[in-house]
Amino acid sequence: MEEEKVAITRKLIEVVNEIAAISDFRSVVKKQYFTLARRLKLLTPMFEEIRDSKEAVPEASLNALVSLKAALDSAKNLLKFGGEGSKIFLVLERDQILNNFHEVTTQLEQALSEISFENLDLSDEVKEQVELVLSQFKRAKVKADTPDDDIYEDLLSLYNSSETSIDPALLRRLVDKLQLAGINDLTQESLALHEMVTSTGGDPEETIEKMSMLLKKIKDFVQTENVNINSSSAIEKSSSLGETSTEESGKTTPVIPDDFRCPISLELMNDPVIVSTGQTYERSCIEKWIEAGHTSCPKTQQPLTHNILTPNYVLRSLITQWCESNGIEPPKRPGTSRSRQNKSSSSPVEDCKIGTLISKLRSGNPEDQRTAAGEIRLLAKRNADNRIAIAEAGAIPLLVNLLSKPDSRTQEHAVTALLNLSICEDNKGVIISANAVPGIVYVLKKAGMEARENAAATLFSLSVVDENKIIIGASGAIPPLVALLNEGSQRGKKDAATALFNLCIYQGNKGKAVRAGVVSILMQLLTEPQGSMVDEALAILAILASHPEGKLAIGSAKAMPVLVSFVASGSPRNKENAAAVLGHLCSADQNVVIAQELGVMEPLLDLAQNGTERGRRKAAQLLEKINRYVEQQKQASQVTKDQTTDNQTQPDTSVDC
């Protein structure tokens, strides 16, 4: 018992010391988080006196100290996020932040209430101090401040404003209140958002997408207004963003932050991309890794579920800002500034060949056009330099014209050539500008199966750019993608699913997918014996469930039993997505009852303890909804019981005549 007492008090002191080391909090939560940290530091004398006491600690109090350790861990995580998390997130998700604060405060109050102070060898002064802290927690549980309503309203107004109608006064208020006036402030906020993207496995949730858009508008304003952006005081070489090292010559050179290095080459990344496991690599390095026949992630050794490389725009922006802050030339975007003379992979012979192929595309001869499109398809697949050379030669508008040709082979070559060309980031804009989307959608609807599948892959590639999600959704692409998800080969279904997932990140496309019947098809994919499309189906459902039409359609599809089974026995990613869908469905009380009857509590508790970071968060949110419903039912039952008792004990006032 003595060893247990010493061990638990040592752990309690360590946690409080870690909390004390959190030096500052974001301005929007500073007051209440600082107060919480100050109260927790007042508990240290109690832990020290218990540790140093010669008397044994009763078992009940020892168990209470263990509970208090868990509560302090929760408080530490909350306070750490309050010091390092995204400022924009803390405002936009104020209800969640307030709920988390309330839960932690309740947990601390309950754990402290279970400690029997009269049975512990504590000085009167320490007892009074702890009892004061306990009473403060009880009051804090009833009343907690919410972040500034004005900031919240300003952020919503900014999000809903077009680029041309943004109020500069509103932006100045946000820059001031959120303290995002300097390059270091903006970089830290970008880094916080990047951490949130990483925690979702590289699949940005809708809230993170919204926050990224808001941060971009604020950053553009700050750069335009030049608010501290170029001042030396703002460009701090903080340890988190890379310190400086001194060479023998005495000249200081910045040390590249580990997050900015490719895990394969250990060099500063020029074109960071995210693979299916959520890890980020330099594009050329991971492409060579995949081309060598590897099927697993170099860093995590997890299998790569697909070979699609998603540009990590947040990290690229951070790297550029870091380079500018340290006086280093920012990395060139792929294909933006290499001269034709430096394109070693695009030889003079290939340049000449490209010119000949362009002439054939222009010829009007169907046979020549089909042959030329096929050869361009192969050249564009070969390397990045060919993709740039082909685009610069003017091939893209000519290929777009071939998409509506009656010859199926020509259609297939043209759309696949566009797919290969779209791998180059700059070519995406050229393809969109050439009005290619209607033609690609036409192929997706009318062409042969291979061409349809490649059209879906092309739409996915183009939809990586946020503005393109809107264009593609408005072009009528979603219904034929849903059809391909139902009818395609295994590869075709994967291509359709990845395209739909990306498009549905944009809120306006979610209803279109639901109305196209995607939910029933996704439910079929979830229950297929081979289960080859489960990952994709659950990921799409998790996005659609945040839309009113999506939530209604998923509920109508009787998805609850299937979702509960995945929370219980799915892969880590499937568990978190299934929990996310259930979280949306259980905003309705009847679904809470169904989930309980299906036995969701045990797997949810396991997920909350042992899941991924996102899985634990989703499980905690759902458990909170269930517990709140149970508590409401208890209170309603007690009210009914009290009313019944009152009626039974009411005196008989009738008078006999």
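Glycine is no exception: its Cβ is also placed from the backbone N, Cα and C atoms.
Bear in mind that TrEMBL entries carry predicted annotations, made automatically and left uncurated.
According to TrEMBL, the compositional bias 'Low complexity' annotation covers 233-244 (among others).
If you look up TrEMBL, you'll see 337-347 (among others) marked as compositional bias 'Low complexity'.
As annotated by TrEMBL, compositional bias 'Low complexity' applies to 640-657 (among others).
Marked as domain 'U-box' by TrEMBL: 255-329. The average pLDDT for the domain 'U-box' (255-329) in the predicted structure is 79.
If you look up TrEMBL, you'll see 233-256 (among others) marked as region 'Disordered'.
Under the heading region 'Disordered', TrEMBL lists 326-350 (among others).
As annotated by TrEMBL, region 'Disordered' applies to 633-657 (among others).
Among the features that TrEMBL reports, repeat 'ARM' is placed at 394-436 (among others).
Note on the repeat 'ARM' (476-518): residues 203-204, 206, 209, 306, 308, 437, 440-441, 444-445, 449, 452-454, 456-457, 459-460, 463-464, 466, 469-470, 524-525, 532-533, 536-537, 539-540, 543-544, 546-547, 549-550, 553 of its chain, located 6 or more positions outside it, place their CB under 8 angstroms from a CB of the stretch. Look at TrEMBL and you will find 476-518 (among others) tagged as repeat 'ARM'.
Note on the repeat 'ARM' (394-436): residues 271, 311, 333-336, 354, 357-358, 361-362, 366, 369-370, 373-374, 376-377, 380-381, 384, 387-388, 442-443, 447-448, 450-451, 454-455, 457-458, 461-462, 464-465, 468, 471 of its chain, located 6 or more positions outside it, place their CB under 8 angstroms from a CB of the stretch.
Taken residue by residue, the domain 'U-box' (255-329) breaks down under DSSP into 25 helix, 12 strand, 38 coil.
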